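Annotation source Swiss-Prot lists Mg(2+) binding site at Asp85, Asp87, Asp89, citing sequence analysis. The Zn(2+) binding site annotation in Swiss-Prot covers Cys86, Cys102, Cys109.
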Amino acid sequence: MKLSENEASKLIEKLWFRHTDSTIIAVLQDYKTKEVLMVGHMNREAVFKTLTTGYVHFWSLSRKKLWLKGETSGHFQLVEDFKIDCDGDAMVFLVKSVGPVCHTGNRSCFYRNFSDLI
């Protein structure tokens, strides 16, 4: 799913970039199974690139730079649809994954149970 640059710009003006580094929270969810795959941060540029290219982009809080999810691994996340929360400070992207999402090689970043950590 892609929006025009004009549509993306209008939508971005309605968002509230209030989190660290002027970001919103971005949740990736499998578009078929609805499994939560990962959570990241997006600044205005990341949202714009995501909406206009159809490929998920994030803002790296640690590296302070934009990154295309899958640019190194080839495991791109293709946007099928998206939703915006009631406050406008978070988005859920329903995605089609090209390979595992997590850098560990797991399909989802949410693969650990609490018992694994205690």
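Placement of Cβ uses the backbone N, Cα and C atoms for every residue, glycine included.
Swiss-Prot feature annotations superimposed on the structure.
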residue	record	DSSP class
Asp85	Mg(2+) binding site	coil
Cys102	Zn(2+) binding site	coil
Cys109	Zn(2+) binding site	coil
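With the fewest other C-beta atoms within 10 Å around its C-beta, Cys86 stands out among the binding-site residues Cys86, Cys102, Cys109. Annotated Mg(2+) site Asp85, Asp87, Asp89; additional same-chain residues within 8 Å of its Cβ mean position, judged by their own Cβ, are Trp16, Ile24, Ile25, Ile84, Cys86, Gly88, Ala90.
Taking each of the binding-site residues Asp87, Asp89 in turn and counting other Cβ atoms within 10 Å of its Cβ gives the largest count for Asp89.
Cβ neighbours within 10 Å of Asp85 (Mg(2+) binding site), excluding its own Cβ and spanning all shown chains: 14. Taking only the Cα positions, the spacing between Cys102 (Zn(2+) binding site) and Asp85 (Mg(2+) binding site) is 24 angstrom. Distance from the CA of Cys109 (Zn(2+) binding site) to the CA of Asp87 (Mg(2+) binding site) is 25 Å.
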